[in-house]
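Okay, structure first, notes after.
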């Protein structure tokens, strides 16, 4: 594939990337603003509770505490949604980077293959010209000697035959391109510095959920690895932390 085709295909693949990034960043800004609004509401409710705690009934104080708790719950949901958006944005960009690395590797492999073909053709062409020149000189000498002696003709013929048999035109080795197949470079290495998560000890990708146990050693899990298809409502604990909680 020509270099222009590689570039054209890659540019087509990233055509919508700026709009997708802009959308995700705008959603994250909206989540930040909603979180700040809720934090202001929590401060207001907390001040109201502290200033009038003695004069309020138990039911009124409990209602205020529930409002504060619900506001904190929504803040946590907004935070989780923002983390999911950030991970989705990272995966989106990383996918295009891997695509670019793969196309570059294929392009370099194509260049190597063409260089080998060109070198092989130039070598065969120069050696072929040299062989033809030698045969022409031998034939000329044979013709000049043939006028004076009939015995020179068979020798000249033998020399010409020998030249044809040993000519590089008929003895060039075949070139194998197996070492530069583009398919050998499709699997790109994973960044060794990228952190791993989940029970599978893999890098972050797709939809993930965080364990609500602050002491969880793993912290985040892939939906598929913990049997989830949608984000559960309320608190969620990973399988390990759930077992520990049951023991207590």
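Yeah, the Cβs are placed from backbone N, Cα and C, and that goes for glycine too.
The coiled coil annotation in Swiss-Prot covers 25-118 and is backed by sequence analysis. If you take every residue in the coiled coil (25-118) and average the pLDDT, you get 89.
What Swiss-Prot records for 112 (among others) is N6-acetyllysine, and it gives similarity to another entry as the kind of evidence. According to its DSSP assignment, residue 112 (N6-acetyllysine) is helical.
Residues or ranges marked as region 'Disordered' in Swiss-Prot: 115-160.
Marked as N6-acetyllysine by Swiss-Prot: 127 (among others).
What Swiss-Prot records for 129 (among others) is N6-acetyllysine.
Feature annotation from Swiss-Prot assigns citrulline to 132 (among others).
For 145 (among others), the entry in Swiss-Prot reads N6-acetyllysine, with the evidence type similarity to another entry.
What Swiss-Prot records for 147 (among others) is N6-acetyllysine.
Residues or ranges marked as N6-acetyllysine by Swiss-Prot on the basis of similarity to another entry: 155 (among others).
Among the features that Swiss-Prot reports, citrulline is placed at 165 (among others).
Taken from Swiss-Prot, the feature Zn(2+) 2 binding site covers 211, 216, 238, 241, and the record attributes it to similarity to another entry. Around the Cβ of residue 241 (Zn(2+) 2 binding site), a 10 Å sphere holds 17 further Cβ atoms from the protein chains shown.
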Other C-beta atoms that fall within 10 angstroms of the C-beta of residue 238 (Zn(2+) 2 binding site): 23
Length of the line joining the Cα atoms of residue 216 (Zn(2+) 2 binding site) and residue 112 (N6-acetyllysine), in Å: 50
Residues flanking the Zn(2+) 2 site, with Cβ no more than 8 Å from the Cβ centroid of 211, 216, 238, 241 and excluding those residues themselves: 212, 213, 218, 219, 221, 237, 239, 240, 242
Cβ neighbours within the same chain of residue 211 (Zn(2+) 2 binding site) - under 8 Å, at least six residues apart: 218, 219, 220, 221, 236, 237, 238, 241
